[in-house]
């Protein structure tokens, strides 16, 4: 038998004009239209060949495909959410048998793991938002002990039904309280992240939601069973709380213990995606996110498990659960040019200048925080406002910018706050980039927007996976511009109190030591590399004739230096204006004795800094501040002679050949 005919008998393909949400009988041919959200495209000799490629897709056939005879274009659609658009010469085809792929279906009868976006019931009623508590806590929501830590002061005695939420301290429009026992039944232990989508937080027969009719209160949703019931070995959300796969080792290779080894397992079960399966042998990686102040589990950025360490003590570690590949990144061809476009679906890396929403509303400045702290920021603690602000680059904070960004965890694409008391925020219309390969350079000094693939530091150390040392109370998950999974070991710039200024970095050992990576600035508009910058602005030879500005009061604070206008700095003059040379911003990078200069932000240079600083700067609170007295921006390649401490002998640098520093021969300007 012809193998091509075998496949075509099993997977009938027909042309149809409807969207992919349903099927009808009969056979149609739609000319001049095609389905959008193309995932794969190739050139194939016939429509028959394109059909075979469609049905041979792994793990399941494509939803539909488009074919055009003139250029033999074969376009596969792997995303079930698609629609027909005009396209000359195309014919569109769709599977006659509808295929249900996770997460837009349920893997089990109860569907506790369902993570799709259906928000209407089987009778067509719209679902209400879970966080609105429309009818209080349902009777089938069990009382869950929130924490065993009796030392925590929440403002009211433990055991009450409601506990103050740290987040509301920063919410200017509402003083809300959260029913944490209610919240504990949802994945992530946070009902707001589920919006008004159908879910099954209490273990009813199948997914359901609240409805506006008080006589009915709730209804089931029509969520189909998945065509392939095998759970995917990947996570579809950043936290991975929906993951029901069978991974049973940590990133470090430690075998997971059964969850029943935990004394308080009953309090964690409501947040499991498969609580009915947690028996004496269940040791698979899961993420029942627990409150921020839980004794043992204060960090839950991804699926994890418990294990016994070398001291035979129960500990925990993250598991290597990769992110599921996106089914689509929009249409096959983007229209934008970086940075005025997004490289990913969420666009967390977007660093462009758009400052109005898709409906045309002007964006409010982020720093004003007029709509209250964003609900999808983590950690939600007393430091939440600090973590919110440092998500933006220093240049953005100093200019009080209002550009579209996506600084949370759960929102679909870039957005901003708006002056509307009802909506408070809206999405922005940011196009995809024509070239979706991330650039191997940074736009800002901190490089928060960098999502390239560099995984080696300045000194050649190989980066460790972030989750192997991740602590959310030190590095919030929201500070990554892409999703973090078990294999993510690329240089990034998550801000914290120790590594805040000089660009992307990574961990280099399990003691928590890090080093910066050699991620250069992106070329200027004229495509020239620029080694000397101030406030992100390139300082070129064209500024030689301009006057030099220096604050007369000597107050060289971080914010003030970065607000100085780049036009007021001279070009990289290869001379000093006074004996100390504090204002020198030239490119000399060798000492008077011939030693090559070490990059200022290399690990060795950073380790030597306290040996020469004045005693008043030895306190750890000043770490990183001292180099800010350098007039120009530091970056990984910056190894130019400078005088950050005002040494009377003039500019100097650390030596590459051995420890210590040496002075540079910088002449006085004439």
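First residue shown is number 1, and so on along the chain.
Cβ coordinates are placed from backbone N, Cα and C, and glycine is handled just like the others.
A TrEMBL annotation is a machine prediction, not a hand-curated record.
Note that the coordinates shown come from a computational prediction; the quantities given were computed from them, not determined experimentally.
Of all the Cβ atoms in the protein chains shown, 25 others lie within 10 Å of the Cβ of residue 198 (disulfide bond). For 198-221 (among others), the entry in TrEMBL reads disulfide bond.
The disulfide bond annotation in TrEMBL covers 641-664 (among others). Other Cβ atoms within 10 Å of the Cβ of residue 641 (disulfide bond), summed over all protein chains shown, number 24.
According to TrEMBL, the feature domain 'Kringle' maps to 110-226 (among others). Per-residue pLDDT, averaged along the domain 'Kringle' (110-226), amounts to 75 for this model.
Positions annotated as domain 'Kringle' by TrEMBL: 240-324 (among others).
As annotated by TrEMBL, domain 'Kringle' applies to 346-433 (among others).
Under the heading domain 'Kringle', TrEMBL lists 446-522 (among others).
Among the features that TrEMBL reports, domain 'Kringle' is placed at 581-669 (among others).
Across the structure, residue 198 (disulfide bond) and residue 641 (disulfide bond) are spaced 61 Å apart at their Cα atoms. Each residue contributes its Cα atom, and for residue 641 (disulfide bond) and residue 221 (disulfide bond) those atoms are 67 Å apart.
For residue 221 (disulfide bond), the count of additional Cβ atoms within 10 Å of its Cβ stands at 24 [all protein chains shown]. Sequence-distant contacts (6 or more apart, same chain, Cβ under 8 Å) of residue 664 (disulfide bond) comprise 588, 590, 591, 592, 597, 641, 650, 651, 652, 653. The helix, strand and coil residue counts that DSSP assigns across the domain 'Kringle' (446-522) are 6 helix, 12 strand, 59 coil.
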